[in-house]
Structures are given as structure tokens and as C-alpha cells.
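> Take this structure first; my questions come after.
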Amino acid sequence: MAGKLISAVFGVLAVCFLLLPLVVILPLAFTSSQFLIYPIPSFSLRWFEELFTTPVWRDSIVNSLIIGAGTTILATVLGVLAALGLREKLNFISAPLNTVFLLPMVVPAVVLGVGMQILYAKLGLSSSYAGIIIAHTVIAIPLVIVSVANSLQGMDTRLELAAASLGAGPAATLRHVTLPLAFPGIMTGAVLAFAVSLDEVVLNIFLAGPGQRTLARQMFATLRDSISPAIAAAAFLFIAGTVLLTLLVLLARRRFSGAR
Amino acid sequence: MTARLWNRKTRAALLILPLALFIGIFFVWPLGIMVKQSVLDDAVLHLLPRTTEAIAGWDRTAPPTEAMQAALIADLRAADDEKAVGDMVRRLNSAQSGYRTLMTKTLSAVAKPETGPLLTDVDKRWAQPAFWIAIADALEPMTDRYLLAAVDLERNKAGEIAGLPDGASANRTIFIRTFWIAAVVTFFCVLIGYPYALLTAASTGITRTILLTAVLLPLWTSLLVRTAAWFILLQEQGLINGFLLSMGAISSPLPLIFNRTGVVIAMTHVLLPLMVLPIYSVLLTIPTNLMPAATSLGAHPLRAFLHVLLPLSLRGVISGALLVFMTAVGYYITPALVGGAGDQMISSVIAFYSTQTANWSMASALGIVLLVITLILYVVYVQLSGRTSVNGRM
């Protein structure tokens with residue numbers, strides 16, 4: 001009995017610890033105060049207005065969308081192609097490549113940042129959209145590979161054989177059988193790639209110029225010097241965006257599995 | 001059949017090729033450049049090309065030849081990068097004291113066209129081999145001094161590896177601090193995460209859904225949002241201090257932010273999901289009837305736990321701990337925002353060298369030390385957990 005009580009109390013406390021930070025930041029997005037503190041004197045949308053009208057914030061939102069979209073496209077295309085290729089066991093190539101493709105997830109962002117900064121100085125990619133999109137793609141690739149590979153693994157390969165035996169060429173099989181079946185995994189990978197890009201700060205600090213400041217980077221900078229409730233408003237956008245994307249994936253998956 | 005197999009293999013290789021090239025250029029190459037940058041030292045070499053040629057045949061004991069002196073004068077006249085010259089003088093001065101004054105005198109003399117061809121006329125010291133040995137050493141393109149300096153070591157005059165004098169550098173202190181913070185965070189993650197995973201695995205229905213959602217939601221939330229949230233909670237007029245003050249538990253606000261406490265709390269929160277999930281997935285593979293079986297045979301629940309559940313779930317705990325520690329060691333954002341000056345981890349030192357002072361050699365050397373540590377932990381993690389994917393973001 002006492003044991004049950006202890007685990008219940010522990011469970012409630014732990015859930016609070018995990019969720020409280022996410023809960024407290026949301027209402028502050030609607031504060032009318034100058035400060036990022038409770039209690040909230042009255043509610044207002046002034047900080048959202050600030051977010052969408054001040055050039056620094058507005059530009060950073062636009063940059064986040066541009067860089068996020070670029071990263072999503074590049075990472076998804078490269079990742080899907082490679083995941084398809086990796087299904088075939090190629091001697092001495094597949095296993096090491098698979099490891100290397102997943103390593104960007106392990107290497108500390110700061111380490112990668114130093115290396116890419118030196119490389120970009122050589123290649124002339126510093127302070128460019130292309131440079132940031134490439135950097136974000138590097139760290140998004142592992143997530144795309146893992147999600148696409150997972151959905152390809154769960155796929156019945158006999159379907160592809162059947163298509164081939166019915167006269168479909170490799171391209172037709174890929175387009176009409178393989179890709180539609182892998183679609184949920186591709187979708188998950190794409191959303192994760194976007195999310196990684198949206199949240200990335202360290203590589204942006206190392207590689208971006210003032211022209212490529214993203215929303216996350218702007219939040220980081222603001223938290224460092226002038227703590228304004230605009231941060232809470234930005235956080236609200238982040239959380240709302242995450243929820244929206246998750247719903248989108250779920251919807252796409254459901255619609256897809258319904259159509260099958 | 002073989003032709004078709006060949007065809008399939010070629011197609012697979014062609015599909016992989018774009019990503020392999022991409023990762024090769026933008027991931028492997030940068031890491032390679034870092035390695036090169038940390039052992040390469042050609043700044044002086046670039047500055048003194050003529051001297052390099054003239055000094056090649058010198059035996060390091062004879063008085064400097066006229067050709068060497070003339071070459072150095074020509075090189076110093078041609079040097080137009082003031083910062084590079086300053087760096088070189090600083091470096092020569094650390095190898096041979098007195099170089100700074102000698103160079104100041106020499107540089108102003110060289111600026112006049114009538115000087116030369118002998119440097120010994122400018123200053124008697126140029127006749128001593130010791131000053132030329134310093135130049136010859138600085139011209140060596142390979143060096144281990146950055147890698148040694150990354151762990152607070154240097155080569156002394158005799159060329160042996162020795163510790164830096166006290167107070168000269170703090171890298172070792174910061175590495176130890178980094179491991180210490182990572183270890184404390186890992187400890188708290190085990191302390192909370194293990195019982196949490198046990199509770200989740202033992203629960204059913206809605207309770208399990210709530211417990212799992214509470215772990216997954218933070219994982220999906222932006223790291224920056226979570227850190228900003230802790231900022232709000234921990235600050236002096238924050239919710240935690242406000243709550244404790246109104247309860248009368250404290251009379252003045254506790255310092256919770258810009259210190260170690262804040263860093264450990266925020267990092268524990270951020271990394272806790274990485275601890276819970278591996279343990280949980282191991283717990284799911286353990287048959288649920290083992291514990292009742294042990295107790296029905298007369299074991300006290302605690303004894304049953306220690307002898308049955310704990311050994312079986314230890315693999316999950318160790319992989320979770322490795323994952324948390326490995327991620328924590330490379331953390332930058334959270335300590336930068338909620339830590340004080342004394343809580344910065346090795347990543348912030350690397351970022352400082354790279355983005356503030358553009359000392360890429362030092363940044364690379366420190367980065368390689370961090371990279372090697374992380375990779376060793378990762379290899380152990382993969383061996384233990386038998387999988388190559390990590391669920392988590394930096």
C-alpha cells in the first residue's frame with residue numbers, strides 16, 4: 001500500500017517535472033508586461049505583433065522557413081535515394097556507409113561547426129543560404145535514413161517482385177509500388193528534417209552571417225542579452241508548429257493507409 | 001541472372017552515390033580538415049618563404065650565413081600582413097626570450113632601404129644560433145603543440161612533453177568540469193529515469209499513455225523552447241522562487257540560474273527522455289511473470305528486484321547512461337544560457353576559439369579531443385545496445 005502511494009507520488013512529480021516547463025512558457029506569450037515573469041498583468045497580443053513586425057524577428061522567421069524548406073527537400077531526396085540503395089547488400093560498402101550516414105547524429109554540433117567553418121572559408125560558402133541548408137542537411141540525414149529504412153524494412157518485397165513479373169520496369173515499380181508503400185516513412189523523415197533545421201542553433205552560430213539568422217538563433221541571442229516575452233511568443237509558434245506538423249503526418253498516414 | 005544481379009547492384013550503388021558524395025564532402029572532409037588544421041602549422045612558413053630555402057642546409061650550430069640573413073630581410077620587407085607578423089613574433093618570443101625587442105628593432109631597421117644585407121649589423125644578437133634555431137623550429141610545417149595544449153601540455157626546451165605552468169591554461173580544468181557536469185546529469189537521469197521507466201512498464205492503459213506522452217512531448221519540443229522555459233522557472237523572480245517565497249520556505253530568492261544548479265536541472269530535464277526510453281524498451285522484453293514468480297517463491301520484493309529485475313534491466317540502464325553522458329559532454333546551448341561563467345563546458349571554449357578569435361588550430365585540437373571521447377563512448381554504446389541508431393537531438 002505504502003509502496004503504491006510512493007510510486008504514485010513519484011509518478012506525478014516526475015510528470016510535472018517533465019511537462020511543467022512546457023506548460024509555463026505558453027501563457028507568457030500573451031502577456032502585456034515587458035518582462036518574462038509571472039503573474040501576468042493582462043493578456044495582449046503585442047509580442048506576436050512584435051514578432052511579425054520587427055524586422056529582426058520577421059526576417060528570422062522567413063529565414064527559418066527558407067532554410068527549413070531547403071533542408072527538407074535536400075535531405076529527403078538524398079536520404080530516400082540512399083535508403084533505397086542501401087536495401088541491396090553491397091560487399092564491404094553497405095555496412096560502413098550506413099555507419100557513416102548515421103554519425104552526424106553522434107558528432108557534437110560544435111565539432112562539426114569548427115570543421116565546416118574552415119571548409120566553408122575555403123569553398124566560399126560562409127554566410128550563405130546554401131551553406132546553412134547544406135549544414136542542416138548533414139545533421140538531418142540520419143533521421144531521414146532511419147525513418148525511410150524502417151518503413152522499407154517493414155515492406156513486403158514480394159509486392160515489388162509481383163510488379164516486376166507483371167512487366168513493370170524498375171522505374172515503374174519504384175514509382176507505383178515502392179515509393180507509395182514507403183510514403184509514411186518518407187513523410188516522417190521529411191518532417192523530422194524540417195524540425196531539426198528549425199531547432200538548430202550551433203551550426204548557425206558558426207556558419208551564418210547576419211543575413212541567415214534563423215528564429216532559433218534569434219531566440220538564443222535574445223535570451224542571452226535582453227530577455228523579452230517575444231521569446232515566449234516565438235516558443236508558442238514553435239510548439240504550435242510542432243503540433244501542426246505532427247497532425248499533418250498523422251493525417252497523411254491515416255489517409256494513406258485508408259486509401260490502401 | 002548474374003547480369004541482372006549486376007544490374008541491381010549497380011543501380012543500388014548509383015542510388016547511394018549522391019548521399020555518399022554529399023556526406024564525404026560536407027561531413028567527412030570538414031572533420032579531416034580539422035585533423036589537418038590541428039597538426040598543421042604553416043603560418044610562419046608562408047610568411048618566410050625565402051628564409052625557408054636559405055635555412056634548409058644550415059646545421060643549427062654554425063653562425064648564420066649571409067644568404068640566410070639576406071633572405072630574412074627580404075621576407076620581412078615583403079610581409080604585409082601585420083597580424084601574421086605579430087603572431088610570428090609572439091611565437092618566436094615564447095621559444096626564445098628577447099625576440100620581441102629584437103624584432104621590433106629589426107623591423108624598423110628593415111623598413112629603411114639602406115639596411116642590409118647583414119642582420120648582424122642591425123643587432124649583434126642575430127649572430128647567435130639560438131635565435132635562428134627558433135626560426136628553424138617555427139618553420140616546421142607539422143606540430144603537436146595544439147593537440148598538447150588542448151590537454152594543457154607543451155614541449156619544453158629539450159623537446160620533452162611536460163605540463164604547462166600553473167595558470168597558463170585552463171583546458172584540463174574545463175574538460176574535468178565537462179565530465180563532472182555530464183556525470184552529475186547522468187546520475188540524476190538514472191535516479192529519476194530508472195524508477196520512471198519501471199513505473200511506465202508496470203502500468204497499463206491510460207496511465208501508461210500519460211507517462212509515455214510526458215517523456216515524448218519534451219523530446220519533440222525545441223531544445224531552445226525547453227531551455228527558455230527553465231529560464232522562466234529558475235530566474236530570481238521566477239515561478240520556483242515565487243512559490244517557495246509565498247510558502248514561506250525561504251526568505252530571499254535562491255540563486256537557481258547562472259550557476260551549476262541551473263545547468264544540472266535544465267540538462268537533466270532535456271536529457272531525461274534519452275534515459276527513460278532505452279530502459280523502457282529493455283523492460284518491455286522482460287517477461288512480466290518473473291517478479292511474481294520470485295515473490296511467490298518467498299523472496300522479499302526488494303530481494304526479488306535486486307536479483308531478478310535489476311540484472312535483467314541493467315543493459316538498458318547502461319545504454320541510457322552512455323547516451324545521456326555522450327550527449328551531455330558535447331552540450332553548448334543549455335550551459336551557455338542558464339550557466340554562469342564557471343559552468344561553461346568544453347564546447348563553449350571551442351566556440352570561443354572558433355568564432356571569437358578565429359584560432360582554428362586551437363579550436364580544431366580541442367574539437368578532436370572531444371570528438372575522440374564521443375566516438376569512444378558511441379562505440380561502447382553500439383556494442384552494448386546492438387543498434388546503430390540514436391533517438392535524440394543535440
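Placed from the backbone N, Cα and C atoms, the Cβ positions cover glycine too.
Note that the coordinates shown come from a computational prediction; the quantities given were computed from them, not determined experimentally.
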> Which residue range, A:9-34, A:61-86, is the one TrEMBL calls transmembrane segment?
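So the range that TrEMBL calls transmembrane segment is A:61-86.
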> For the transmembrane segment (A:227-252), which partner among A:61-86, A:98-121, A:127-149, A:181-207 gives the most CB pairs under 8 Å?
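Out of the listed stretches, A:181-207 contacts the transmembrane segment (A:227-252) most.
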> Apart from its near flanks, which chain residues at least 6 from the ends of the transmembrane segment (A:181-207) lie with a Cβ under 8 angstroms of it?
64, 67-69, 71-72, 75-76, 79-80, 109-110, 112-114, 116-117, 120, 125-127, 131-132, 135-137, 139-140, 143-152, 155, 159, 213-217, 220, 238, 241-242, 245-246, 248-249, 252-253, 256-257
> Give residue numbers and ranges for long-range contacts of the transmembrane segment (A:127-149): same chain, 6 or more residues beyond its ends, CB-CB under 8 A.
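Same-chain contacts beyond the flanks: 66-68, 70-72, 74-76, 78-80, 82-84, 86, 98, 101-105, 109, 112, 116, 120, 182, 185-186, 188-190, 192-193, 196-197, 200, 203-204, 207-212, 214.
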> So which residues does the transmembrane segment (A:61-86) touch in its own chain, when a touch means Cβ under 8 Å and the partner is 6 or more beyond its ends?
51-52, 94, 97-98, 101, 129, 132-134, 136-137, 140-141, 144-145, 148-149, 152, 174, 178, 182, 186, 189-190, 193-194, 196-198, 211-216, 237
